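> Have a look at this one before I ask anything.
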Amino acid sequence: METLKHWSLHECIVVCLLFTTVGKACEAPSSPECFRRTAESPEYRCEWSMNKTTESDVTFDLYMNNVHRNKNAPKETWIIITKDELGIVEEEYDIWVEARIGNSSCASTKRPVVLSHTVKYEAPKHISMSWLQNNLSLNWTASEKHPAAAEILLRRDAHRTDSWKHITTNTTSDTSMHHVLVENLLKDTVYQVKIRHRSTKALNPLWSDWSPVVIVPAELEQKPEVTMNITLSNGTRKVALTWKKMPHAATYSLNDTQSSNGCTCKKIRDYPINTTETTYTTFVSYSAVKIFVNGRNAAGSSPPAILQIPAVPAAGLKICDNTSDLHERLKKKTYVELYELQDGDSRPENVTHLTAKSTKKERMDMKDYVRYLYFKHKCVGRKLQTVTMCIYYQKEDAPQREPQNFTAFSETHTSSNLSWKAIPSADQRGFLTHYSLCSVKDSSQDERKECHKISASVMKYRLGNLTQGTKYHVSLVGVTRVGEGPEATVTINTPPEKPVNVLWSLCLLILFFLLTTLCTCILKRIKENIFPAVPTPVIPDFIPFQPESQDFLERKEEVDEMTLLQLHPEGKSVPEDAEESAVLAGEWEEDTDEDEDNERWDSRMSGESSDEGLSPGSTGEALRSSREGEITDVEQLDNEIAMLIYKKGLVFHVKRDSL
């Protein structure tokens, strides 16, 4: 003080400023915390903090029981010390930190600590979440296998200025994760969450640092609304998918059963496919495929939209003729699928997938007498293309059951309809080639069976050519390449013909006869009116003349001429035409046909002349006497004049002329 009395005012101000500057340059750090991350960790970490860290030349020295532990004077606010460096960790240590800035230094307060009792976990990492109704499940990586205490802060993301809701609880743990269930929240609301935890086993546990703020999205309750368009193209199917954008969904995940089973032309690690788009196009084979589409966010996935793509219809497929792929290792990018077909379900089950990596046991692990749908696929231009599709049996046998529900219906006098259901696939035990339908009459044991082959795809048949009023036994069996199975039978009784039908048939026959007769009469009358009948000349029959000697037959014929004059009664005028004399001249004509007609005519006339004993000389007298004795009507003579030409007693030609 005596010295200060002699200082001037200026000197006092300088000294005060100097002490003030040094005090500001060396601000004491916080008391250090020394701990290990787990109870089994061999390393200890000591941490402290400074309110002012702008100085770049600040260094720190850590002291434990006055022992300097960091000789290199680190600039960081933490240091790692191993158990070997410490020696005994079960005893209590007084720990402090000294900060140095230039020539100035300042120390933190001392803190007593037993290092082996102190555990401080790292801040929670790999936090995941999911909604369970209105409860939020939080999960993060466990620091130790036993449960831990947890402190959770949360608030609505839409109200970031609100205060945090504080929740303290214990976790449930498995070998690698801590789990906490926060109850009574709103699953359709977005939240902010922070978490810290500490050990429940250590004697001096420390709270970990807070995790970064995590956004918990709302739950995705609805599955995506997906539409699908399929186009067939050369052994492959192009599938175009489109769906609506989902609220709260960050990405979309797609997967299919073929890819998950290794039947893909892409790399396996590419599945499932994640995209932020709302469209996707893929290519699948002809076999049955399921496609799954999910909306995803940090809180989980939506229910999947499952798209069923059935196999190309198997109707009409033939038996496989080459299945060497089942006995040999497949080539790379070649796949075989065997679907065990089930009745009543177009989606096959119990699928066997074979790839180039499949073992011989996997290739031969199939059942006997079981029907398989065989597919063989190849990768062509990164597209899975089906190259073979057929029916396969490891081993075949005859069917063990008969066709189902074999019935007869709509029976008539001569036919009956039959129907049945197919033999179940499990009971066919082989490739069904056809059905054999046989029928036999019940009237006699000697009757021969009539059998018909029916296609295996047909389930109805009309049996015809049956006898009325007869009982038939009809049987139906399924036939495979090995043989016939049990038969299904049905009895058919064709009804007899009813008497009423006979009476109706007779009445119809009589009616038909009457109608036919009536129509004939009507047509005949119409014909007579339109086409009147032409009168037929009356030609008397002549008895052939029998010559007395052969010389008479050999006489030559001579042609004579005869003129007939018509007589007219007295008092009547004679027409000019009648005054002319009718001269008939008979000459032989050279035409062969007329000669034959004349010969027949002469034969008849000669016979008549022979019987009557007429001669050429007496013919005229006979005609004149006939006119005088028999013809009394002069008009009849005007209508007809018979002109006869004779040759030595034979009538050669006759002409009739009306005057």
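Glycine is treated like the rest: Cβ placed from N, Cα and C.
Just so you know, TrEMBL annotations never went through curation; they're auto-generated.
So TrEMBL lists these for the protein:
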COMPBIAS  587-599  compositional bias 'Acidic residues'
DOMAIN    123-218  domain 'Fibronectin type-III'
DOMAIN    402-498  domain 'Fibronectin type-III'
REGION    567-636  region 'Disordered'
SIGNAL    1-25  signal peptide
TRANSMEM  502-523  transmembrane segment
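Could you place these features in context, so I can see how deep they sit and what lies close by?
Helix, strand and coil counts under DSSP for the domain 'Fibronectin type-III' (123-218) come to 0 helix, 50 strand, 46 coil.
Note on the domain 'Fibronectin type-III' (402-498): mean pLDDT across this stretch is 89.
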> How do the residues of the domain 'Fibronectin type-III' (402-498) split into helix, strand and coil according to DSSP?
4 helix, 52 strand, 41 coil
